[in-house]
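Only one structure is covered here, and it is reproduced in the block below.
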Amino acid sequence: MEVVLIDQCGDAKLKELEDKAQEIFFAAENTLVLAEKLGKLVAVHMGGSFPMERGDLYQRWEILSNRLKDIHSCIVLPIGNLSAGLCRHRAVLFKKLADYVGLPCRIARGCKYCVEDHRSSCLIKIVDDRKNAREFVVDLVGEPGNVHGPDSSINATDLCSVLSPFQVAHPKEFQLPNMEEKENLPMHDIVLMDKPKCFWCSPNQFSEIKSPEKLTTTAGVITRDEYDEPRDQSKIVLFQNSTQEIVQPRPPPFAGGHPSISKYVESEVTLENLKHSEATLPKYLNLEPSLAMDWLEISWDELHIKERVGAGSFGTVHRAEWNGSDVAVKVLSVQDFEDDQLREFLREVAIMKRIRHPNVVLFMGAVTKRPHLSIVTEYLPRGSLYRLIHRPANGEMMDQRRRLRMALDVAKGINYLHCLSPPVVHWDLKSPNLLVDKNRTVKVCDFGLSRFKPNTFISSKSVAGTPEWMAPEFLRGEPSNEKSDVYSFGVILWELITLEQPWSGLCPAQVVGAVAFQNRRLSMPENISPTMASLIEACWDDDPAKRPPFGSIVETLKKQLKSPLNLIQMGGNTKEAAEVFPYFDSDGREVKVPSC
């Protein structure tokens, strides 16, 4: 016997899968693509594809199961640790991830690859252009991600008609209809569904439930709450806070098929008649399901907005105080979103939520309630690199070493983004989108135009940008990828070396013509080192495939920082270079050496 544990707090690998599922959700064009990619994600995590369950897959599962039982000294196996899984384990994981991103999904008994008693498959609901809903089976074993209609191997009458015990996707604020007239309604009569319709069930319908063992033999799945502490086994906890639980009856294991639908009384439930006290249910996030659970949802009332510090194509940026700390609040200029704009906002939130790097601005949370849709990040007091280069205040002049350190900071931050899985392409990399902290460390920010690599072939006609820093293929509306960021970095490096504004004598339309159609590039200064000149020219190569990756750029800049001779050739005099750059470590940091 084994029990699969869905531990949303302690299972780190499950959390990673949820993050990947969320990325797939924001990148998917439609429900079908979402289901296909989730199916492949589950299969890859659980050992790949197999023609039949009996054979190699079963042997791998048996070995893994025994090993995990020995490691944990119990039969409870966290689902994230299952690097090999049978159809029932894959169905449970797919259901969990589908619930996480809000994909309608149910587990059915039956699988054409399996002959075991607990063979299982996942069915998803897809609505066509005519608003007709159909159910499809997602293949998780033989051809992972393949979506097809149910066949004779699926017993559709075994579908569970109530919410999954671990479903938390898109929770809503609600209240029972006619609550004033039903104050004494027992909680075990409540069934909560993430749909416009609910089934109201009689509690005696579930009188056949005898013991916890009978509850777990069919699905073999428990939640962390059920595992940690004893509960009324006739109920599934949907939500718990410090004061009250919202529960629903647990469906019995049906031995003879689905119960008669006449036992249910169908009731229309709309958002208008569903109201509930805020004290009973916290305001779970509607737009992005995992933010509230990760404590990343921020109330607008908690922010004390101060002066405006910047503006961009996506909104304005204000300094604010939040819980005693200075933060930057990016308020979206458009609050009444169309679907595409809403996805753009959610995409930025999804990207920033998973990024942690010293050279990337720290995401602290998001305001998700209209009319204050905002993104909250750490506040960097020195402002943008653009301002520091072109409009420095007194005492802010930067020496050559400092400028190269800043270039290295940018390269490290973008290299981190490109090394993520899937890679993150910035698309709008420019000095105004690079912020400087009090220690003059540069951090990458503003992912308003970011895309994940699988969905990054977009046209420049559909998005905003700044042509002075944009790659020629992007300006021409051709397919482009992360190499566009390399071109933009070359312009930033040119800025840091020359301290000049790129294409200052041309208007944006002229820049597009010069870069995209006349193949012109910024002119190199005479006193630049050959190594740096070669690096910039390589970043500006008209063939994106020939541009260097950021890993190579990082190594080149580190070597430059250790070489006083090259820095002298960038404009410093010999005496200054000898005094300022005596010795450097592998990261280009100065090492103080006592004089003889």
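All residue numbers here begin at 1 and follow the chain in the order shown.
Using N, Cα and C of the backbone, Cβ positions are placed for all residues, glycine too.
Where the annotation comes from TrEMBL, it is an automatic prediction and has not been curated.
Copied from TrEMBL, the annotated features are:
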- 303-561: domain 'Protein kinase' (DOMAIN)
- LYS330: ATP binding site (BINDING)
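If you draw a 10 Å sphere around the CB of LYS330 (ATP binding site), it holds 24 other CB atoms from the protein chains shown. The domain 'Protein kinase' (303-561) scores a mean pLDDT of 84 in the predicted structure.
Under the three-state DSSP scheme, LYS330 (ATP binding site) falls in the strand class.
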